[in-house]
Amino acid sequence: MGAKSKQYFNIFVFVISLIFFDQLSKYLVVKYVKLGSIYFSFFDNFFRIIHVRNTGILFSMGSDIHYSLKKIFFIAMPIFILIFVFSLALKEKNCITRISLLLIFSGGVGNIIDRLFRPSGVVDFLDFKFYGIFGLDRWPTFNFADSYVVIGMILFLVYDFFIKRKVLNT
């Protein structure tokens, strides 16, 4: 196997593993946790597994818009954006940037799978107490795909704003 083939294989395994873990976790929540109920909580209700559905996007924004507009804004546009992100990841030479882009891609694909095959919405289940920060008693419930996107974005921004600029300035 050539170096380029091995690189593509590693990318494939990384992405498929993340998407599989996201979809498996959602499958288990759907199978074992009744919609709207709390499966269990830890540390005096700090962390809970709860089964909710999100028909909107980030923090349920847009859940009220018409179904045909949702198809455009929540499925079609993200698919084009994800294709672009994936193509950037394949071309990227820097490992940190590539991983951050692949995390964003994998999370986006995980949630698009839900939008395509779960008409009642994206499965969210990770729920944390937020102690009134930003006026929130609890952080909006999310899933692993959401985490991949957020971690990928943070990694990308930290690298781009702090590490890469520091290297370029020396």
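Keep in mind that glycine also has a Cβ here, set from the backbone N, Cα and C atoms.
Residues or ranges marked as transmembrane segment by Swiss-Prot on the basis of sequence analysis: 9-29, 72-92, 95-117, 143-163. Annotated active site per Swiss-Prot: Asp124, Asp146, in sequence order, evidence recorded as sequence analysis.
Using a Cβ-Cβ cut-off under 8 Å and counting only residues 6 or more beyond its ends in the same chain, the transmembrane segment (95-117) has close neighbours at 11, 14-15, 18-19, 22-23, 26, 74-75, 78-79, 81-82, 85-86, 88-89, 123, 143-153, 155-156, 159-160, 163. Counting only same-chain residues 6+ beyond the ends of the transmembrane segment (143-163), those with a CB under 8 A from a CB of the stretch are 18, 21-22, 25-26, 94, 96-97, 99-111, 114, 122-126. Between the alpha carbons (Cα) of Asp146 (active site) and Asp124 (active site) lies a span of roughly 9 Å.
Cβ neighbours of Asp124 (active site) (same chain, under 8 Å, six or more residues apart in sequence): Val52, Arg53, Asn54, Pro140, Thr141, Phe142, Asn143, Asp146.
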